[in-house]
């Protein structure tokens, strides 16, 4: 086999002096002529399928076998014997299958005389199929994918418009499933996903034009969604096999048929069928069964020639073992006979495992014989430059769970040629003797990273970081390694790691500026307890400026994560690791085709469709901000890469980090919008982060001032100091951005109230200090801390007090005798302990707010009395005593006018309003007694009690219960409700007609309550094992509580109707 090698970076026109972009090419002997052959194939790459090709240099001694070998070697193909090379004329149906032993130069001389070179197309195809080829190809993934692409292309170009609509839909949906293996089965139900498929990818890639033109867009969308569901659970390989299974009855891709005649004359017209299962067979008509002629193992020799008559037909003779005479086949032309001979010869070589041809070609007088095939020297073998190196091999030495292989094809991306090349990198070339290699400080994708010193004329001892490449003897690995440097050389930004230079000779080095504090993730973990919130927001802001700069340069980074950010100083971080960065020439998006990618950081469209844009970088930046706020915790801990997209599709997002300002988390959630068009751009993120950072700095300064004031506050043991206590600062005002939906951060809202002083009671005219200094502050924080901000007895600071001088313990001692002072302190201590016990008791009886809008009111004496507090919570039988939160015990000497305040301003209600919903626990439903009626044989009362008991039982069991137990619990509540409603239906006839309407409304309300409970149960089951599960469990409890309350309301309505009967029956 003569030497040939790949050069994917050559332009597609033949050239005699073309060079590799990052290498000078293979050494050639003087006088040798090398040309380039462009060969199209079906190895999937980054470009459109019509452009999948490789450029191969060849010399005078290169044969077809050498061309095939070089292409398949670069893809690690096992079934090399199945491949053949086809030459076809673009403007006619002329096709030639090229025998492996023929020289490429001879072929070009022969055929390019009849047509120009640009009209010929060289195409690598799988032609020779082994028996059971599907099973055999499943062990050779590149060959399986190649054959699938070949068959799919033939189907789309030849018969797709003639097949049944159902088959076309199935085959198209199988191709979608295969192409986007990470996509969830229900992903196309989302409008944004379908639009990506329809507009960005294009439906014509999957479905024939006849189908797209004949079906309305809305109908087509429903058909695609319905059909896709059938194959939702298939993986890539299963999709391919299913494709073959559906297609085989309508298109025989596993055999070739030729119209010819058996014998040396046109006596028997047949269709000769050649394939792995049939061997060599023929059919006399379409409906007949094939007649077997011979197996490939029986063929001994093959000869072909042209007839000597005026028609110049092709004659094919096969010598069959055991046959008395050769099998003669007459073909319409010599070309067809030659193609048949090549096909049978390929099968014979495949089944016998021989490399020698079975074709006998007698040399005619004057015909130039092919030169002998020189053996490939060992040094040439090692010098051959493969087309590409599998990315999985590159990552094998440094593989982590952060990255996962998402597809099976290769990435043939190359940077824009106008700015990339070693010729232009000359300015960055550094002499190796100027670099002093130091200790290893980390590991990279291609090799180790070392600390070192660069002796430059400007700086004789510059500390640098040096990336080394372990296996850069291969030009393709060397090119990929240098690609990061050639990307970085375009950037000049204070928060992007700067490229110092490169050494392109082996061993290849990339020299960059050294960030002494290392990776941001490790830095955050080590400094977790010393970094404040402002520093974390500062890092996020600095990264946003770097990414806004990349966005303006039309680059996508594709690997934004804390591990790829370096810390230059405690207040400066820099974005690094541009190994996955890509330039978007068309300013739309970049589609990845191979590589290990960080799934847990990626946007859904990147996982589903391998689609990378600035918007997908925004998603990753949101995840990176979350990492920073979590001090280096990785996202989706404990979740498999394959499960991440499912959680995102279900609406799950990373939770808000502790101490994260709501404004910042709101910004993160905007970055995680499922629809890429709804995500902010980096310029917007930069501006908003700048505002959030300034607000945090102001709040930090305010907290520091507060802290300093607390430190200088007059202590009880002031040592005789007469200085007055500091005047408290003014209450905080809302942020000017609050109108845009920004709120104070939770850690600030939960800070102790600095405007309040723990007080002591009033006696003998001494003002009480138990109140709030500034009552107005309660209006700002009432929903968070309304107990602390309840209306005070007497305002703490009054003008008269400011003028009266200090009021410390020494002044009190002058007013009160010593024994009274001690008594006062003891009483205060007792009151504090009493308050603590009361608060703990209050928490135990804490309940969610009773809905006041449920429509049930009590008609007492003709007045409408709205429910308040716990009046409408039913008390079950067996607990006759009213069990409600106890009133706070009065303090000795404390004024009692608080009891006259409205219910909604009471301390108890205010305290309950401030309780976090996640602190709500299953509770007793304990209402006050109902109407004073005789309950003997009262079926309604008994069934209401039974329903409430069922709700209580469900509430107590729901938290630890697995999802499969939800249905029996809810079913128990439903049965109790059905019994109650049946009893009410029996009771209605004896009640006044004027009350029927109200009773029926109460019944309908109970039915809607049960429907709501069932709906929440379904959601809790659907989102099991996600962060939303607990939320829906709480909503189940709320719905159950509402059902119990409304059942009690129904009983109240019936009791009121009964009281009307009693009142009318009494004599006036």
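Just so you know, glycine gets a Cβ as well, placed from its N, Cα and C.
Features of the protein shown, as given by Swiss-Prot:
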type: ACT_SITE; residues: 559; note: active site, proton acceptor
type: BINDING; residues: 441, 442, 443, 444, 445, 446, 447, 467, 513, 514, 515; note: ATP binding site
type: COMPBIAS; residues: 10-23; note: compositional bias 'Polar residues'
type: COMPBIAS; residues: 699-710; note: compositional bias 'Basic and acidic residues'
type: DOMAIN; residues: 35-355; note: domain 'FERM'
type: MOD_RES; residues: 403; note: phosphotyrosine
type: MOD_RES; residues: 413; note: phosphotyrosine
type: MOD_RES; residues: 589; note: phosphotyrosine
type: MOD_RES; residues: 590; note: phosphotyrosine
type: MOD_RES; residues: 874; note: phosphotyrosine
type: MOD_RES; residues: 941; note: phosphotyrosine
type: REGION; residues: 1-26; note: region 'Disordered'
type: REGION; residues: 699-750; note: region 'Disordered'
type: REGION; residues: 869-912; note: region 'Disordered'
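If you take the Cα of residue 443 (ATP binding site) and the Cα of residue 559 (active site, proton acceptor), they are about 16 angstrom apart, rounded to a whole number. By a simple count of nearby Cβ atoms, those within 10 Å, the most crowded of the recorded positions 443, 513, 559 is 559. In the structure as shown, the Cβ atom of residue 515 (ATP binding site) sits within 10 Å of 21 other Cβ atoms. For the compositional bias 'Basic and acidic residues' (699-710), the DSSP-based tally of helix, strand and coil residues reads 12 helix, 0 strand, 0 coil. Recorded residues the residue listed as 'active site, proton acceptor' and residue 513 (ATP binding site) have their alpha carbons 20 Å apart, per Cα-Cα distance. Around the Cβ of residue 441 (ATP binding site), a 10 Å sphere holds 16 further Cβ atoms from the protein chains shown.
Rounded to the nearest whole angstrom, the C-alpha distance between residue 515 (ATP binding site) and residue 941 (phosphotyrosine) is 76.
The number of other Cβ atoms within 10 Å of the Cβ belonging to residue 941 (phosphotyrosine), over all protein chains shown, comes to 20. Neighbours of residue 447 (ATP binding site), defined as other CB atoms within 10 A of its CB across all chains, total 21.
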